[in-house]
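What TrEMBL lists as transmembrane segment is A:18-37, A:87-108, A:129-150, A:156-180, A:192-213, A:246-267, A:279-304, A:332-360, A:381-400, A:406-426, A:438-457, A:477-495 (among others).
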Amino acid sequence: MNPSSTTGSQLGQPNTTAIFFFLLFVGVTLAITYWAARKTKTTSEFFAAGGGVSALQNGFALAGDYMSAASFLGIAGLVALSGFDGLIYSVGWLVGWPVVTFLIAEPLRNLGKYTFADVVAYRLQQTPVRLSAALGTLTVVSFYLIAQMVGAGNLIHLLFGLSYEVAVVIVGGVMILYVLFGGMIATTWVQIVKAVLLLAGASALAGAVLYRFGFSPVALFDEASRQYGAQVLAPGTLVSNPVETVSLGLALMFGTAGLPHILMRFYTVPDAKAARSSVFYATGLIGYFYLVTFILGFGAAVLVGRQAITGMDKGGNMAAPMLAEVVGGTGFLGFISAVAFATILAVVAGLTLSGAAALSHDLWSSVVRKGQAPEHEQLKVARLASLFLGVLAVVLGVVFKGQNVAFMVGLAFAIAASANFPALLLSMAWQRFTTNGAVASMLTGSVSAVLLIFLSPTVQIDLLKNTTALFPLKNPGIITMPLAFFVGIAVSLLFPEKESSERFAEVKHRMHVGAGKPAVAPVAQVPSVSPGAAPRPTATKA
Amino acid sequence: MSEPSRNDALEALAASRWRVAAALTVATLVAYFGFILLVAFNKPLMGQQLVPGLSVGIVLGAVVIVTAWALTGIYMLWANGKYDRALSQLRR
């Protein structure tokens, strides 16, 4: 069982199977987009697929939204190169999902309409809350998008031999078509198709690996420890600093519950019951996927060999495609490459849509037009925002070419955990939460997270090549998340807001009893108040 | 007429949901950070092989992933069953 030589690999060359499968995927998804475009006539259809997605469909779409190329190729590579340590990441990426189920999914579904800002702003003053929530959303989305686009460019360059810029433009262009014309209906189906392909591809690959070991993962792990030493089965250097690890863990765990593109998916299902069921399906699919990825990583280490993997890409990102070629030949390599490409498309489409929702629903419709924008105008702004973000993603992808942007995903999670999650939780669970408290919490969370990452060793030492970093941790979650909670609570207590606490009963009622039909928009009930304008209509109290 | 008692019942139900949600969140936290802290502070234990090829760490990592899913399932069963039934009775 010697590592096979990979000289003569088809990797990095235009591969007919890969191109065929990729064109097939794009063709099918564009057909879906065409179908979806004809059904997308309202903002509810554009942002929430009209609330008509079933729990199982949404489970697959959530999984498709979350399982990025980074988790597929990156974790397989990490496991291939460092063994057990990759599993620590897999566990971390998964444990946010129960938290989403327990604390967020159904209240969000019952209180909101398109964005998580709907929930935070429900009983608070619309303008300041939506402005700060949109800032948090757009920051998270931008960092996540940059990381995806740069990753996409590199991967496709490695897989297909296309130039980086061409790859970024293809990804951006196809993604814009999905979002612009098909909205959430098309995006949902792109994510479902991608999730099925990714799960099937990873399972087939794992099956082909395990076939050589009598379908025993343990025999595979044993072979790996024979080749690379027993330490591949034990924790290595990844966790050297416990404080650092807990900090990263907090960001991963609560960041998932603050990712705008994930939260947005809960508005696509008809009710709270479907919302919770969909997270259960998603958690199972994602957990299974990570376990399979672990097998792929060990399979690549044993069957491809670490040297060959790092020879192709230092970061190990090519471990899974190379494994596919070794166990299944060029055709299988082509299929896995096409799946990786499809994976990126689905994730960037979801991200762009959530950014567009923040721009058009939170900023334009609620802040600029104070809830007075007619339907056709909202839809037009939503499409313009999607186009704008899609083009921006391509531009940023090209601008950041060659940069090491892996830290940006961690940053996105840290901001989501610090800026979005505390305000979201406090607005649902704490009666005395106020407008000032929400704004202070969201701003503190986003600013402190960005600032501390800038001062962290990741940026100062790895990126800027300084010798020291002012802030010792790579991930600031352990500081910034408690800080955002503390500031939100302190400011709320210092500046009480009578109206907000009076309206908490309404929040509680609605949060549990639910919105009923998805078409019932909370915005219609929440008077959109501008500071200094006429007092709130008291219909809800009368 | 029965408005106050209906509200009280709803409050109690809401409180029970937060309690269940909080308990399960704590369980997830304990499972995850238990795993991470073992990785951080007891590397020899995590590297110990139960049978050749299967270390304690790999087993525990897989267990945390399955536990996370199972806890989600427990919540879903409770909420889709008991909680929703109580809620739909109150709604009437």
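The chain as shown is numbered from 1 upward.
Cβ atoms here come from the backbone N, Cα and C positions, even for glycine.
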Dominant neighbour of the transmembrane segment (A:192-213) in A:129-150, A:156-180, A:332-360, A:406-426, A:438-457, by Cβ pairs under 8 Å: A:332-360
Top partner of the transmembrane segment (A:381-400) among A:129-150, A:246-267, A:332-360, A:406-426, A:477-495 - counted as Cβ pairs under 8 Å: A:332-360
Same-chain residues near the transmembrane segment (A:246-267), Cβ under 8 Å, at least 6 residues beyond its ends: 47-48, 51, 58, 61-62, 65-66, 92-93, 95-97, 99-100, 103-105, 108-109, 112-116, 136-137, 140-141, 144, 184, 188, 275, 278, 350-351, 353-355, 357-358, 410, 412-421, 424, 473-479, 481, 518
Tertiary contacts of the transmembrane segment (A:156-180), as residues 6+ beyond its ends and Cβ separation under 8 Å: 11-15, 18-19, 26, 29-30, 33, 149, 186-187, 190, 312-313, 317-318, 321, 337, 340-341, 344-345, 348-349, 352-353, 356, 383, 386-387, 390-391, 393-394, 397-398, 401
Listed stretch, out of A:18-37, A:332-360, A:477-495, that has the most CB pairs under 8 angstroms to the transmembrane segment (A:406-426): A:477-495
Proximity verdict for the transmembrane segment (A:129-150) and the transmembrane segment (A:332-360), three or more C-beta pairs under 8 Å: yes
Two-stretch contact, the transmembrane segment (A:18-37) and the transmembrane segment (A:332-360), at least three Cβ pairs under 8 Å: yes
Contact check, the transmembrane segment (A:438-457) vs the transmembrane segment (A:477-495), 3+ Cβ pairs under 8 Å, seq sep 6+: yes
